[in-house]
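**Student:** I'd like to ask some things about the structure below.
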Amino acid sequence: MPSSGRALLDSPLDSGSLTSLDSSVFCSEGEGEPLALGDCFTVNVGGSRFVLSQQALSCFPHTRLGKLAVVVASYRRPGALAAVPSPLELCDDANPVDNEYFFDRSSQAFRYVLHYYRTGRLHVMEQLCALSFLQEIQYWGIDELSIDSCCRDRYFRRKELSETLDFKKDTEDQESQHESEQDFSQGPCPTVRQKLWNILEKPGSSTAARIFGVISIIFVVVSIINMALMSAELSWLDLQLLEILEYVCISWFTGEFVLRFLCVRDRCRFLRKVPNIIDLLAILPFYITLLVESLSGSQTTQELENVGRIVQVLRLLRALRMLKLGRHSTGLRSLGMTITQCYEEVGLLLLFLSVGISIFSTVEYFAEQSIPDTTFTSVPCAWWWATTSMTTVGYGDIRPDTTTGKIVAFMCILSGILVLALPIAIINDRFSACYFTLKLKEAAVRQREALKKLTKNIATDSYISVNLRDVYARSIMEMLRLKGRERASTRSSGGDDFWF
């Protein structure tokens, strides 16, 4: 590899400093006439000229430039033009007279490619995200497995996170869904429906929307507290008053859901959205319970018992009302996204716990079964003990008494601590990324609505109370603030802000 490195420095223009990656240390680069010394040829990448050596590139025959070097060398052999492929298959344009080949790519990223040709070690460009850098090196025919070990961990971690979040697809889906649901031109009362939709779905769009959002949160909290008090059966509580309060809360939730349903145009898509499914599940048990109780008047005792069990199960679903707060909480939505995106890590964690529980419960059972009045009466009982021990809960209802059993218990607890700690860093990184991505999107939507409102006022010659420059400045400041918080969160979680 040293010989190929010297071959790349075949031009007298490379007698300068070799101390910086950003300087032209790998090839000749200049504004003047291209150099064609010996086996050299010139590539023009993003407006910057680089003189490369065919001898150096021959060590990498499977890359784009390695193939181009073979084509250029073949052109210099007399009588070989008929069997040689066109260089335009490998570059965007070519000037055979000056032996110069053009590429419409980033010249800054190309320097890292040249460093790979010179040393055989590929480093990651700081200024590019992982997916953009991957696109660059794939274009030049370099595999990402060639990335040097000093950059590999950061690169693959950021790449996996970017692919999981899938920013582009998520943004496009949200925009198309936004446009579909916000098309109020079709149907009756478009202006009223649009204003009502803004109040229901955009808490920051107006004072009325903010008041509605606060009232909605209050009703959710009150309904949850009311559900808990109804189950307490305290003597000083008026159950009739609690039932009336339950009816009021359900009426609010029903009206909220019906208004949203009437506002949208694509109602099938509306019913498929997770927040709306949660809203529906929060109110359906109440009406199904009323229906079941009204139809059970003429049933037998056995049938009444079965109906009572159904009613109890339906009442349990009222706890789903807590999930309605996800409409007003970015943190809850981020938690849901994190759980769905970390299913592999969660599955791996459950697998580790299952293996540990199976092993330690069996060992503990055979260590304790000979003790009189032992609580380890069977292996399933030992499963419960191993589960509470590995998760560091330790209820104490089942505990070992022998020395051997206590040693096994110590190993079980220690294994649980180690197993639970393994995926925490990954899940924390995913949660932080989801949270700040949602915050950035919310900020972008708010600023877009403000600019749209300002543009509408300008078009109608209405009184303008804000300045366009101030709106833009607030947008930039909010984005910078969120980026700063994301960077600080990454550092505190053990990550590296090298990529931000």
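Positions of Cβ are set from backbone N, Cα and C atoms, glycine also.
According to Swiss-Prot, the record shows the following:
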- 168-181: compositional bias 'Basic and acidic residues' (COMPBIAS)
- 168-189: region 'Disordered' (REGION)
- 392-397: motif 'Selectivity filter' (MOTIF)
- 1-210: topological domain 'Cytoplasmic' (TOPO_DOM)
- 232-238: topological domain 'Extracellular' (TOPO_DOM)
- 260-276: topological domain 'Cytoplasmic' (TOPO_DOM)
- 298-309: topological domain 'Extracellular' (TOPO_DOM)
- 332-345: topological domain 'Cytoplasmic' (TOPO_DOM)
- 428-500: topological domain 'Cytoplasmic' (TOPO_DOM)
- 211-231: transmembrane segment (TRANSMEM)
- 239-259: transmembrane segment (TRANSMEM)
- 277-297: transmembrane segment (TRANSMEM)
- 310-331: transmembrane segment (TRANSMEM)
- 346-366: transmembrane segment (TRANSMEM)
- 407-427: transmembrane segment (TRANSMEM)
**Student:** Compute the average pLDDT of the predicted model within the topological domain 'Cytoplasmic' (260-276).
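**Tutor:** Across the residues of the topological domain 'Cytoplasmic' (260-276) the model's pLDDT averages 83 on the 0 to 100 scale.
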**Student:** With DSSP, how much of the topological domain 'Cytoplasmic' (332-345) is helix, how much strand and how much coil, in residues?
**Tutor:** 13 helix, 0 strand, 1 coil
**Student:** How many helix, strand and coil residues does the motif 'Selectivity filter' (392-397) contain under DSSP?
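**Tutor:** Across the motif 'Selectivity filter' (392-397), DSSP assigns the residues as follows: 0 helix, 0 strand, 6 coil.
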**Student:** Counting only residues 6 or more past its boundaries, what in the same chain has a CB within less than 8 Å of a CB in the topological domain 'Cytoplasmic' (332-345)?
**Tutor:** 164-165, 274, 323, 325-326, 423, 426-427, 430-431, 434-435, 438
